[in-house]
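Structure record follows, encoded as structure tokens.
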Amino acid sequence: MQNGRLILILNGGSSSLKFAVCESAGCGSWILRGRFERIGTSGTLFVVTEGRTETCHDAGSINHGTATSFLLGWLEKRLGLLSIAAVGHRVVHGGMKYQAPDEIDDAMIAELRRLRPFAPEHLPTELDIISACTERLEGVLQVACFDTAFHRDMPAVARMLPIPRRFNAEGVVRYGFHGISYTHILESVRRDAPERATTGRLIFAHLGNGASLAAVKDGKSIDTTMGFTPAAGIPMSTRSGDLDPGIFLYLVRNSGVDADSFDRMMNHRAGLLGVSETSGDLRDLLDREESDGRAAEAVGLFCYSVKKQIGAYAAALGGLDVLVFTGGIGQHSPVIRQRICDGLGFLGIELDPTRNASAKPVISAAGADVEVRVIAADEEAVIAAAVKDILTRKEPSR
């Protein structure tokens, strides 16, 4: 490997850290990919995929910062750190200031620290990951790609919250998230159907442990279900989604709940887990729904919430041309896709059962008014492309 020719991509989750390495020239194929699982427990796993070979190692008990250091130490032996030309980071929140991929510098770090109260579940760990890279990769370009940036063009009516206006100045507005995933979906649709991506009415459903939908018109986000935080919107694995604010007041006044315990409940004990009381994993709930009424109710609530949101966004868009499913559930669960789409024939949505069962790229029935697609999420590819673009602009002779 020629020195300084590789891009490292880091994508931190609440208990995971995905990574990928590609050539800075092209970024069309991955040299290796991998992930840390169960970060924050005593049994953190370090998984590496090279080609068709996957290996799994015990990484002990580590946090996101030490996981990053562990990874860089492994990469130093495997590829040599001097081979890394740049690092790309998924950053959940850029506030109103950062609305496109940008080079990480001291000013950005200061702004991300200021924004920590906006995303306390994500930004602190993302800052730890960046810090670990800065320590081990002195002078190497680092780029942040923001989940909020995709929604920068949302109209004011979709961005505002119905609270006193003075809070707007503090940044209390609807931002939206999953933007890197939605960027990948839009680019994928643009490759196959450029006119629909540019002038069409599209709904994207990113359904995984975290789940949201976005309405896209003329190539721009006009609304999305997540709002000020990623806890808003539809019910998720362990996040509540939208809640009547009176519930918080009731629990504070009558059940001894404080802000911290409500936060833990809303983000880690609610959603599918809260309703089923057994699991936040939709696969487990589908396996048990015939014998466990609570599991069936959780699945039903999830599908109903997504279906209802599709109808709402079709109204906001003035019709619908394309519906796209992505994310772990959206990509891999034909049962959930079918249940969501059942009853939406009045919008022109009709699935082909055979295509849906085999997860073909297009799963809508022949002649249906709305094209329904399944697209695999690939946030790392979007980040790699953004890093390559900034590298090229910084070093035009490269």
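Cβ from N, Cα, C; glycine included.
Neighbour list (Asp147 (active site, proton donor/acceptor), Cβ cut-off 8 Å, at least 6 residues apart, same chain): Arg90, Val91, Val92, His93, Gly94, Phe177, His178, Gly179, Ile180. The active site, proton donor/acceptor feature in TrEMBL is assigned to Asp147.
DSSP assigns Asn11 (Mg(2+) binding site) to a strand in the three-state reduction. Cβ neighbour count for Asn11 (Mg(2+) binding site) (all protein chains, 10 Å cutoff from its Cβ): 21. According to TrEMBL, the Mg(2+) binding site annotation covers Asn11, Glu379.
The ATP binding site annotation in TrEMBL covers Lys18, His206, Leu207, Gly208, Asn209, Gly210, Asp281, Leu282, Arg283. Taken residue by residue with DSSP, Arg283 (ATP binding site) is part of a helix. Over all protein chains present, the Cβ of Arg283 (ATP binding site) has 13 other Cβ atoms lying within 10 Å.
When other Cβ atoms within 10 Å of the Cβ of Arg90 (substrate binding site) are tallied across all protein chains shown, the result is 24. Positions annotated as substrate binding site by TrEMBL: Arg90.
Taken from TrEMBL, the feature site 'Transition state stabilizer' applies to His178 (among others).
The feature site 'Transition state stabilizer' is assigned by TrEMBL to Arg239 (among others). In the shown protein chains, 27 other C-beta atoms lie within 10 A of the C-beta of Arg239 (site 'Transition state stabilizer').
Cβ-based neighbour count (10 Å, all protein chains) for Lys18 (ATP binding site) stands at 18. Closest to Glu379 (Mg(2+) binding site) in space, going by CA atoms and restricting to the binding-site residues Asn209, Asp281, Arg283, is Asn209. Largest Cα-Cα distance over the residues recorded as binding ATP, namely Lys18, His206, Leu207, Gly208, Asn209, Gly210, Asp281, Leu282, Arg283, equals 22 Å.
Listed recorded positions: His178, Asn209. The one with the lowest count of other Cβ atoms within 10 Å of its Cβ is Asn209.
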